[in-house]
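Remarks on the structure that follows.
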Amino acid sequence: MSDSNSSMANAMRFFHYMPINIAPQVFVAVFALVTALFVYRIIRSPGNKWLYILPGTALAEALGYGFRTACVYDSTLGNYVAMTLFLLVSPNALALVNYKTLGNVIAAKPSTPPSGMTEQKPDPFWLRPKFVTWFFFSSDIFAFLLQGGGGGLQASLSTRDIGSTITLVGLSIQLFFFASFTGIAIYVHRSPRFDYQLLSSSSSTTTGSTPKRKVMTCLFSTIVLLYIRSIYRVAEYAMGYDGPIATAEWAFYVFDSAIILACFIIYYLWFVGDYLPNSNNKANEYVLEPPIEISQLSKCNKD
């Protein structure tokens, strides 16, 4: 009985509410299923093995909800810290998937302009695939370390406020760089120089007329969702542990759990591995989309 009372007291101290029982168990099962589905799909997809980041992140989410389930029955400090680290930090890897995806789209740009077109000027440094991938990845790692370090400091009551501040700084830095990345993604999306088709290595036929459009659909959809989730997390930490956001369990499941799950659904429906160059499908050497008349372009913009 005393152990039960101690666990309830810890739950109120950590969460400021008693976490519900069924929801975390449901998300353990859901993210375990997501992990299996992505592993199967990536195995069947040639190349682009970096997409294993997706099932790895889903597995981390499942572990996070496993520790949240443990907190329902035994709210120890170790369970709470493990839950916080897995659920707060692991979704950052989804941003890395977006960075790598946009880098591949830029790399697929034809190196030689077609006859009759003037030679293009070299792309600025911020449009180089390595810069897009590694600069934003490095910024993500920096934000990751701040959030992880802040989460660790929250384990002690004496350093909890400092840990919260460090985590808030990490989340804010992530928001800033993610906004910068979004600007580059919009430029690439709007520029026809980055349009491409994919050629099957076993034949001379194209595998799709608008692979970039499908990739960018996935990219922008997940960017919006991840931005909403980051804003929620910033507001949560800015208002404090006993604030109206941190003490509302429904807000966590709506603005974190459901949003991350929605991201995985989008990544699965618009699986970028099918629309990026790989060992079976290579980007055309030249622009990639057939010529578009001005009238057609106006129609596309209206759509």
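Each Cβ is built from the backbone N, Cα and C atoms, and glycine gets one as well.
Pulled from TrEMBL:
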type: TRANSMEM; residues: 22-43; note: transmembrane segment
type: TRANSMEM; residues: 80-99; note: transmembrane segment
type: TRANSMEM; residues: 131-150; note: transmembrane segment
type: TRANSMEM; residues: 162-188; note: transmembrane segment
type: TRANSMEM; residues: 215-232; note: transmembrane segment
type: TRANSMEM; residues: 252-272; note: transmembrane segment
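With respect to Cβ pairs under 8 Å, the transmembrane segment (22-43) is most closely packed against 252-272, considering the stretches 80-99, 162-188, 215-232, 252-272. Most Cβ pairs under 8 Å to the transmembrane segment (131-150), among the stretches 162-188, 215-232, 252-272, belong to 162-188. Taking Cβ pairs closer than 8 Å, the transmembrane segment (252-272) reaches residues 23, 27, 30-31, 34, 37-38, 41, 45, 48, 51, 54, 58, 61, 65, 87, 91, 94, 97, 101, 214-215, 217-219, 221-222, 225-226, 228-229, 232-233 in its own chain, all 6 or more past its ends. Outside the transmembrane segment (162-188) by six or more residues, the chain places 88, 92, 95, 98-99, 102, 105-106, 126-127, 132, 136, 139-140, 142-147, 149-156, 194, 216, 219-220, 223, 226-227, 230-231, 233-234, 237-238, 240-241 with a CB less than 8 A from a CB of the stretch.
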